[in-house]
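Annotated features in TrEMBL:
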DISULFID  224-247  disulfide bond
DISULFID  265-342  disulfide bond
DISULFID  286-325  disulfide bond
DISULFID  314-337  disulfide bond
DISULFID  366-443  disulfide bond
DISULFID  387-426  disulfide bond
DISULFID  415-438  disulfide bond
DOMAIN    1-80  domain 'Apple'
DOMAIN    84-163  domain 'Kringle'
DOMAIN    166-252  domain 'Kringle'
DOMAIN    264-342  domain 'Kringle'
DOMAIN    365-443  domain 'Kringle'
């Protein structure tokens, strides 16, 4: 870590404050050093302009000053001044609480009335004794305190909440914390960069690229996030040999907030549907979510505690068009359910879609040997990922193109084996998974080894 690790960086913003100092520096790191060495005031943040390489140290931050857009500027705020909670006895608390636990306003640390203080900014320059904010200059075990404006009460403790360890509710899809390391200790790659790993999870500032934008997933800086409904928050790593990894963020001990939008009818795409319909639109009975027969799957109720995966009820855990379920019909892996609309209109059955049916067990839908001659239309991998088209370079760049392998029949996104691998495979449309073998069975060939 370096000096900038103690700051929160925000691109493209400027804050207005009168109390500031201007310096000429060559880098943001040098500007941070100016902020640490500032003696004119207590430096809470600094601004750095990339073109002019100007450095402004600031006495205020975004919590106390007006902020507006400025494309060339970068705002760095000391994280310690953004916390409104205390760790341990709160000796490092630098928040702006200015009244005691009994609601009495605090006296300024520089004032002598109504109480003459023993602790002053002059005597304790590193204790953060600013204005009349609650502080703990003597490391009192009861936490931050202040002298009060009540002549009869010399001092009182302040009601500063404890900083809880960052945690996530459900699968962390709404996690907006600042953990930026993986469970193995790798630093996370910034979401708005393509090095060392190219990927398709693009934050709002890159929405000019029209494929795989996630502007509503809070893909800020390099914080761990769960933009794709995975098991828990993750990130791409800064290690060239490790593409991505989950982050070590525990589930919160408090129960997740109860959603008031649980519905017994279809509204929108039905992600909030919690009714008890357990039959698909073609009449097939739904498979129970906690079983792996007849279809193996990854939607385990214990792994997705907030998706309502109870019994065998129709649900929409992955943001599909509408609620669905795996079926008890071995020939049909999954199918949509006919859920009545909340507005009273009837849902039109679309019938059994061809992409719902598993590949029929005919010769074209199984492979012989290594599958070099397989010419079927399977296009899903063993883990359920959809295949990337062979003539596409997104989300993965590759060399296995129809032009370079003219005899491999690299059509559409069908599973093939152009490089004589163990069995048919494909590149996936998951930005984090380059390729996988396909969900195909080997034909019952008597002459195969």
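Every residue, even glycine, has its Cβ placed from backbone N, Cα and C.
Recorded features from TrEMBL, shown on the structure.
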residue: 224; record: disulfide bond; Cβ contacts under 8 Å, 6 or more apart: 172, 175, 177, 179, 180, 181, 182, 188, 233, 234, 235, 247, 249
residue: 265; record: disulfide bond; Cβ contacts under 8 Å, 6 or more apart: 273, 275, 339, 340, 341, 342
residue: 286; record: disulfide bond; Cβ contacts under 8 Å, 6 or more apart: 278, 279, 280, 312, 313, 314, 325, 326, 327, 328, 337
residue: 387; record: disulfide bond; Cβ contacts under 8 Å, 6 or more apart: 379, 380, 381, 413, 414, 415, 426, 427, 428, 429, 438
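Predicted-model confidence for the domain 'Kringle' (84-163) is 91, expressed as mean pLDDT.
The domain 'Kringle' (166-252) shares more Cβ pairs under 8 Å with 365-443 than with any other stretch in the list 1-80, 264-342, 365-443. Using a 10 Å Cβ-Cβ cutoff, residue 337 (disulfide bond) registers 25 neighbours.
Helix, strand and coil counts from DSSP across the domain 'Kringle' (264-342) read 0 helix, 17 strand, 62 coil. For the disulfide-bonded residues shown (247, 314, 415, 438, 443), fewest C-beta neighbours within 10 angstroms: 443.
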